[in-house]
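Asker: Please find one structure pasted underneath; my questions will follow.
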Amino acid sequence: MRPLDPRLLRYAGGARAPIGALAGVGLVTAGLTIVQAWLLATVIARVFIDKATLSAAALIALAAVTTGRVVTAWAAQALAHRAAATARSQLRGALLARIVALGPGWRRGRGRDAGQAAGGIRDAAGLTQLATVGLDGLDSYFTSYLPALMLAIAVPVAVLVTIAVADPLSGVTVAVTLPLVPLFGALIGMVTGQHAKRRLNALANLAHHFHDVVSGLPTLRVFGRAGAQRSRIEQVTGEYRRATMATLRLAFLSSLALELIATMSVALVATEIGLRLAYGHLDLRTGLLVLILAPEAYLPLRALGTQFHATADGLAAASEVFTLLETPASADMPASNVPAVPDACLTAVSAADGAVIRVNGVSVRHEGRAVPAPHAATFRIVPGRLTVLTGPSGCGKSTLLSVLLGFTEPSAGSVTSSPLAGDAVTQGAVAAAWLPQEPTLFAGTVAENIRLGWPDAPDEAVADAARGAALDDVDLARVLGERGAGLSSGQRRRVALARALLPAAPLLLLDEPTAGLDARREAVVIATCCRHAAAGRAVLVVSHRPAVIAAADEVVDIGAPAQPHGPMPTGARR
């Protein structure tokens with residue numbers, strides 16, 4: 001990341017005004033520095049050379065300039081903290097919005113652009129660490145590095161011009177030695193950036209592994225393997241510790257190098273001024289002015305180098321955030337309230353056609369597999385009908401649902417959609433409801449998990465959704481642990497099914513809703529799907545179960561050579 005990356009101003013527009021004000025404060029500080037040096041040199045020369053008395057006006061002027069420098073330093077910090085808070089909030093919001101737009105397909109590395117998507121951090125723990133601790137590292141960038149950067153731009157230039165006007169020979173000396181500080185700082189900074197990047201990756205690996213261990217701790221304890229993870233955590237922590245110490249060693253060495261260059265440069269100026277004063281080739285006031293200003297020319301650059309190392313982690317995190325923000329979304333969610341299909345694939349379908357969603361030759365290629373799955377899938381999802389998607393394992397049924405949801409971009413083919421009937425949507429409804437194969441539940445009551453898509457749903461609607469999901473053996477007030485701890489896998493799936501049924505969405509996408517159910521509960525779930533279809537909703541169910549297939553209005557076998565486009569014969573439907 002560059003010292004002042006234009007992407008920062010683009011994605012954190014609220015920080016532009018404070019940063020602009022910081023630049024103005026830097027210019028005022030440069031002017032006050034020169035005035036203070038001139039006053040000191042003048043007062044000392046008049047007292048020691050002209051034998052003049054120290055006037056009250058000179059003391060008041062010096063006090064005023066010193067107070068001005070204190071005020072500008074306070075203003076710079078206040079503006080920096082304001083810019084930090086604004087930028088952090090806006091970047092965090094933009095990052096979360098982008099992760100949502102990229103979708104689960106990006107996180108799993110699926111879709112045509114998965115291999116091209118930049119940004120190495122995709123797991124939940126790493127993204128959480130990036131959005132919290134990573135972006136918090138920008139505080140030091142704004143509060144320390146950015147004010148130092150503004151001073152490093154304004155003060156050395158103003159001081160150099162002043163020295164060159166007062167004493168051209170000293171000006172040449174400073175002009176030759178001054179660029180050495182940013183030159184060496186840039187060389188060291190490139191290495192520091194690489195170390196900071198490795199440290200950020202080590203921290204992301206630590207967060208990811210710790211998250212996995214904590215999530216699977218109940219299972220590890222059941223099988224007596226919890227203790228075995230201690231050595232692995234120690235190993236990951238050791239990698240992070242070594243990366244941190246390497247960065248600190250480099251920071252200390254680079255600070256020493258910059259201090260040495262600056263000290264030798266000031267000593268060179270002081271030596272030639274002392275010799276010229278001794279031989280009477282330079283007056284005392286000019287010599288004092290140059291001696292006082294020379295350290296001020298190097299000080300901002302030295303401070304900038306020191307602050308760069310302190311903000312290296314924040315800069316690395318910001319660079320990773322910018323990479324994610326610039327990652328093209330392979331399947332952005334549409335802005336309209338239409339079932340999610342990629343915008344690039346969305347075309348108009350006339351109402352007379354009778355099809356709400358049409359899948360046209362959709363294929364999805366996967367890394368490491370020669371045959372697409374699904375391959376050239378073509379069918380229609382019609383409102384008021386129960387469509388069952390079947391086929392052998394691995395033929396791409398769940399991937400096809402991911403395409404319909406907009407999570408995965410098809411490698412070939414398209415998905416077209418016409419508007420859904422508004423009379424099928426109740427208050428709080430969403431465009432599509434989805435039951436995945438591995439649903440996620442959160443800590444809270446069963447009812448709260450069911451209400452996830454409709455927080456204000458009445459108790460009667462929640463109870464009705466639970467009955468439709470055959471969730472008669474679970475108390476809705478029961479408190480669950482993280483990921484639904486306390487329920488069996490079948491109960492967790494039925495809670496997720498009730499969550500999908502609750503909003504009465506116009507499109508239902510259910511992946512194996514009857515998996516693991518006994519005959520009685522399977523019949524309840526099938527009847528619920530038929531009832532939703534009879535209410536005018538489009539219901540697409542992925543299933544191998546004979547009872548589900550028998551109840552379907554239309555069966556689509558995406559593993560078969562030819563796929564049906566019309567209704568099944570009357571005798572084949574229930």
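Indices start at 1 and increase along the chain as displayed.
Even glycines carry a Cβ here, placed using N, Cα and C.
Automatic prediction, not curation, is the source of TrEMBL annotations.
Per TrEMBL, the feature transmembrane segment maps to 21-49, 55-76, 145-166, 172-191, 250-270. Annotation source TrEMBL lists domain 'ABC transmembrane type-1' at 26-313. Among the features that TrEMBL reports, domain 'ABC transporter' is placed at 357-570.
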Asker: Could you tell me whether the transmembrane segment (21-49) and the transmembrane segment (145-166) are in contact, taking contact to mean 3+ Cβ pairs under 8 Å with a sequence separation of 6 or more?
Answerer: yes
Asker: State the non-local partners of the transmembrane segment (172-191) in its own chain: residues 6+ outside its ends, Cβ under 8 Å from one of its Cβ atoms.
Answerer: 152, 156, 159-160, 163-164, 250, 254, 257-258, 261-262, 264-265, 268-269, 272, 294, 297-298, 301-302, 304-305, 308
Asker: When the pLDDT values for the domain 'ABC transporter' (357-570) are averaged, what is the result?
Answerer: 83
